[in-house]
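Inspection log for the structure reproduced underneath, given as structure tokens.
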């Protein structure tokens, strides 16, 4: 499948390479079996990136399943990876400053020890994380740029590069109407696709489609694809986007349904010459892009070209939302290093970060024909996608409100009001409180703010260090759907993966008998957030101590995380499971050691497990008979404790 459509020769070459190294969109099929268990079968033809299965392990055959676009999901990664490794740039930032940018952008995307793994580091300069090796976006490689296919538009769509290389044109030079299709770029600032739509037309129609498929179920274990907390965050972001567009003389047309059906019909109704949007990389989203492009080719609108009475609207997809632009990488995606240090050194030596796009204060008008399409439409509700409202727990590290306005407010608060950048290095491994890390990741995941915006703010501040998450996006290009397979990018085989339902439910519900695990899982369920350190610990426990299929954890995180992103989420889980690209296959997080190092007084576990508050601080992590009996023994570092429960009956079949 083509990776991207671009007007540049480099991206055309990348498409050709993609056919050679990323063509395999096949994944194992998943079928529900009777009695509450789930059988995973051998690989079955499937175009979607969530189709189960994949290497490793035996199992009954699963019936082939065709990718259903009923599963397209919002691209949100968990950005809080670790910021460890300074990322020098040519932005005149110190390496410690840049580190904070990435870390800031990586805030919640920190997850499983990804310092060397880089599957999606290109999406945002990760903000949160601990300086551990879990680098969420080890290098934000892509920052916004065009992905338009050469010659795709009948009007001149190329934006001449300015002296600073930002690719911005000065002023508005277009005529006619363009459509701006919003997806995971729910912002006005630093939005190159929106800027191009404005520059190349005299009227812009912004559109957002709430796709019900984003709220369906995951492919393997049938968990909800998007939980209530993230769904509410998305809806808040859409509402805020509408307000910000209105301030600039526009509005947001909102519809519930499939974008590949809605957007072409709107383009036809308003006579649009081009539909602009941001490029995605995973198969579900790119399938939607391909279908939308195909439908646009069947739409006829009046032509302004002499000698032509009609023409077809074009689809112009721009690369945006990452720290480095894909065209500025010092290597092609298929040559992406598998070790983060190599990636970092190549980028800091040979690449630069483009400046953020400067957006006009006024971007109107809307097309005159807006009323003909039924107006802009009401703001959607959770009921529109079959969900019941649920509030984030007041016990969480902070309240995450969706939208660009909240993202910029958090940036101002963390950098300037509280001056937390100064102590970031010392606090980044925290687990309790609002300011131990930047917490930018939920907003980064939904495109409410970009890594470049954070980077430019950091440049002003010259603060601590940062890491970023964008490499995972690159690896998703390099390795395609393999990041969703049981055997991971390295196609690891021969490992025995358990699917014991009772064990998984104990992990999911925070009832394992290990307070550090249980507290983290309760925080995730009640707030949609978990610290970078916590993500590493619970991953290690599920995979190493429980011996369960890592995809159970990855899909549950997909359900719950506010800052979910497929590239970072699955990239981190493959790393934690030892099937990713990092040479260290068997990294283990000892619960006694982690508890002693990061929560020595037990305040974190007592916060989420109040029944432990009365215990001495030294007893909170291993309270013996005062707490649940451990469900499994620890593989290493066993604390003095009663023997774990026994006699469990498997509900998920073991591969």
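Any Cβ shown, glycine's included, is placed from N, Cα and C.
According to TrEMBL, the feature FAD binding site maps to 424, 437, 438, 439, 440, 441, 473, 563, 564, 565.
In the predicted structure, the domain 'Photolyase/cryptochrome alpha/beta' (176-318) carries a mean pLDDT of 95. Annotated domain 'Photolyase/cryptochrome alpha/beta' per TrEMBL: 176-318, in sequence order.
For 54-74 (among others), the entry in TrEMBL reads region 'Disordered'.
Positions annotated as region 'Disordered' by TrEMBL: 633-655 (among others).
The Cβ of residue 497 (site 'Electron transfer via tryptophanyl radical') has 22 neighbouring Cβ atoms from other residues within 10 Å, across all protein chains displayed. As annotated by TrEMBL, site 'Electron transfer via tryptophanyl radical' applies to 497 (among others).
Taken from TrEMBL, the feature site 'Electron transfer via tryptophanyl radical' applies to 550 (among others).
Under the heading site 'Electron transfer via tryptophanyl radical', TrEMBL lists 573 (among others). Within 10 Å of the C-beta of residue 573 (site 'Electron transfer via tryptophanyl radical') there are 30 other C-beta atoms, taking all protein chains into account.
Among the recorded positions listed (424, 440, 550, 564, 573), 550 has its Cα nearest to the Cα of residue 497 (site 'Electron transfer via tryptophanyl radical'). Put simply, residue 573 (site 'Electron transfer via tryptophanyl radical') is 7 Å from residue 550 (site 'Electron transfer via tryptophanyl radical') when counted between their Cα atoms.
The highest number of surrounding Cβ atoms within 10 Å, among the recorded positions 424, 440, 550, 564, is found at 440. If you take the Cα of residue 440 (FAD binding site) and the Cα of residue 573 (site 'Electron transfer via tryptophanyl radical'), they are about 21 angstrom apart, rounded to a whole number. Straight-line distance linking the Cα atoms of residue 424 (FAD binding site) and residue 573 (site 'Electron transfer via tryptophanyl radical'), rounded to a whole number, equals 25 Å. Under DSSP, residues within the domain 'Photolyase/cryptochrome alpha/beta' (176-318) fall into helix, strand and coil as 58 helix, 36 strand, 49 coil.
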